[in-house]
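Reviewing the structure listed below.
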């Protein structure tokens, strides 16, 4: 773990450097274009297999014992319990004695793995083409709105939104099994791509003011775009062949989360978002899982959340005071770890009583995170910008709402596809992996102007509303 914390320390020290911003934009464009091209070898093959299975099931369903000759029926011998496949002739009379045809065996067929060049395969061209085009179409519509938005509120909020939307889109690609959901995931990617690309390029142009340096920086960032286009197709085809459809998208989703966490001040927003996303995923999925595995009474479905509610109240009151003494960054780090561990323990419960400790841990840990992150938001304003806090806590509430918006929607789809235990595993591992990034908040660097100028001078020279929106830069 030494190298990992060394990397985190290096990132913290380089936060004020333009190179870190360049790295973040590079990775954002890399991931966006990997997701753009990783579907190229996966989607055509996957959609054809789904449609072929559907067509095959229709053909099998249409076959019956009363069909013309060539149909078969299984006959079970009561003598030796063997099963034989017997053919029937349509000319057999129902009134006369049944004379079975000679026993036959299904002929073995050497089916090729290659799909047949039929109308079904040709029709995939239209479906795949429309799905691939949906991303660029949505991005074309979204771009004119994202540009003016970045001029009003800065580049950091759209950048953060782009990472979140990219994460949701990637998760939908991983677990969607219908053309409609895949189309929706591809369209949603267009919104995320618009946010990350427009905000990323604008961010680079704003920090590299020299024309030559700006050209070099943008060239390096576009290298991430080119690398994503280059790596995406072979990465997708290899992972799809040997691991499965879900694996490449889950890897990209994790990378998107880690890249978004590289913003030192977005760590506070991300901590709020991901910690509350855990309980947001529990709310719709836990009662259904309890009905599947525990056969609970109706009142127990709501009572299962009571430990989380009580422990959240306890945690927020205890760590409102204790976090200042032990360090709010450390309190948040421990809270994120505890959230992840508690969530991982939820599927281990065999009855409602087994849910008491994990749910208590989830609520208590979220209380630790919230009571630590909210004061940090205000501290960062005091440290870097004007002490006007309304817009800052509005942004914090956006992170909170994003957790409760993404959690239930994505959690329901994941639970349906791979089950409740895997859903808890995914969000638990994400919280645990994100926890060390709270180390960035140990000693956040101050704005250079705030370090040089007195506070009252800063008040006279900064726009308070725009300053607070730009605190995450």
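A Cβ is built for glycine as well, from the same backbone N, Cα and C atoms used for every other residue.
All annotation found in TrEMBL is predicted automatically rather than curated by experts.
Looking at 182-202, 329-349, the stretch flagged in TrEMBL as transmembrane segment turns out to be 329-349.
Mean pLDDT, taken over the domain 'Major facilitator superfamily (MFS) profile' (254-473), works out to 77 on the 0 to 100 scale.
If you look at the transmembrane segment (392-414) against the transmembrane segment (220-242), you find fewer than three C-beta pairs under 8 angstroms, all six or more positions apart, and that falls short of contact. The list of residues near the transmembrane segment (355-380) in space but at least 6 beyond its ends in sequence, with Cβ under 8 angstroms from a Cβ of it, reads 265, 268, 271-272, 275-276, 278-279, 282, 286, 304-305, 307-316, 318-320, 323-324, 328-329, 331-332, 334-339, 341-343, 345-346, 348-349, 389, 392-393, 395-396, 441, 444, 471.
Highest Cβ pair count under 8 Å relative to the transmembrane segment (420-441), across stretches 20-43, 153-175, 329-349: 329-349. Residues 279, 282-283, 286-287, 290-291, 331, 352, 355-357, 359-368, 370-372 of the same chain sit 6 or more residues outside the transmembrane segment (299-322) yet have a Cβ under 8 Å from a Cβ within it.
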